[in-house]
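Structure record follows, encoded as structure tokens.
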Amino acid sequence: MILDNFFKNLIYEPVSVLGLLVFYFLLINLPISLGAVFKKKSSSAVRLITILVNLLITLQLLFRWSISGHFPISNLYESLYFLTWGITLGQLLVEREYQAPIIPSIAIPIELLTVAFACFVLPEDLKLSSNLVPALRSSWLVMHVSVVMLSYAALIIGSLLSMSVLFINKNKPLQIRSSSTGIGGFKLSNSYPVNDLVEPIEFSHSEELDTLSYRSILVGFVLLTLGLISGAVWANEAWGTWWSWDPKETWAFISWLFYAAYLHMRISKGWQGRKPALLASTGFLVVLVCYLGVNFLGIGLHSYGWIFG
């Protein structure tokens, strides 16, 4: 009977059912990831569930796309799931570079909270798909909004990795040798082997996480830059103005300046250690305000609507 109802709902309400499945799989994944931290060993089960979550969100968004007829990122419900899709993808890519149990243990709670907010906090009318106004029926919707959302995901991953660096070193001095260019470190080889005159520097756990944080933020910054440029071009085509300084545009520009300052200090000043990690961690709040803050105001072209009311 339960299975019959499940499959019946899956047929008639696939978006909602898949959204709930994502929530429950993340809920299962959370204690497993925390247990892996205490065991100090990466968990293949966590990675498999994360892959499943990513695939379920992909399927959910494809269903919504098929039902609505437009790219599924036009309201807050869709964008929250798209953001979660981006964070899970970023988590898997980071783990591919460096497997450490702390990586999923910091990413999964954010993914779970994001999905829980979409499932249980958003009013029902903000979950429904609606027809787009003529100005939004453009290929720029896919280019601009998806790139900006992926930039948020990458910046959030970078901030969370910096938080993990601070957490690991909370009771001791933080010394980082990781490369600010994100390409690793090398030194001259003492043995001068025939085929190679350099050998890699072995980075510590914190240094690996710091480098991955830097790389994630760099990717997020590039994507945010592309998102701002594409948004300006789209705005000029649709409304005849490149920039209108509405709340979302203003905060997006503030976010861009924030991360530009971080990258400038890392690259030109060789800034290492606790200070850049603190700054990158603070970036999480900047992205949060940029993404959700405008919806508490309920104004501007970029607002998805008033959340509580």
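In case you wondered, yes, glycine gets a Cβ from its N, Cα and C as well.
Per Swiss-Prot, the feature transmembrane segment maps to 18-38 (among others). Outside the transmembrane segment (18-38) by six or more residues, the chain places 10, 45-46, 49-50, 52-53, 56-57, 59-60, 63, 81, 84, 101-102, 104-105, 108-109, 111-112, 115-116, 118-119 with a CB less than 8 A from a CB of the stretch.
Per Swiss-Prot, transmembrane segment is recorded for 48-68 (among others), and the stated evidence type is sequence analysis.
Residues or ranges marked as transmembrane segment by Swiss-Prot on the basis of sequence analysis: 73-93 (among others).
What Swiss-Prot records for 102-122 (among others) is transmembrane segment, and it gives sequence analysis as the kind of evidence.
If you look up Swiss-Prot, you'll see 148-168 (among others) marked as transmembrane segment. Within the chain, the transmembrane segment (148-168) has long-range Cβ neighbours (under 8 A, six or more residues past its boundaries) at 73, 79, 82-83, 85-87, 89-91, 94, 102-103, 106-107, 110, 174, 176, 205-206, 209-210, 212-217, 219-224, 226-228, 231, 252, 255, 259, 274, 276-278, 280-284, 287, 290-291.
Taken from Swiss-Prot, the feature transmembrane segment applies to 216-236 (among others), supported by sequence analysis. Remote same-chain partners of the transmembrane segment (216-236), defined as residues 6 or more beyond its termini with a Cβ less than 8 Å from a stretch Cβ, comprise 90, 94, 138, 140, 143-144, 147-148, 150-155, 157-159, 161, 182, 242-244, 249, 252-253, 255-256, 259-260, 262-263, 280, 283.
According to Swiss-Prot, the feature transmembrane segment maps to 250-267 (among others), an assignment based on sequence analysis. Only residues 6 or more beyond the boundaries of the transmembrane segment (250-267), in the same chain, are considered here, and those with a CB under 8 A from a CB of the stretch are 148, 155, 180-181, 214, 217-218, 220-221, 224-225, 227-228, 231, 276, 279-280, 283, 286-287, 289-290, 293-294.
Under the heading transmembrane segment, Swiss-Prot lists 279-299 (among others), citing sequence analysis as support.
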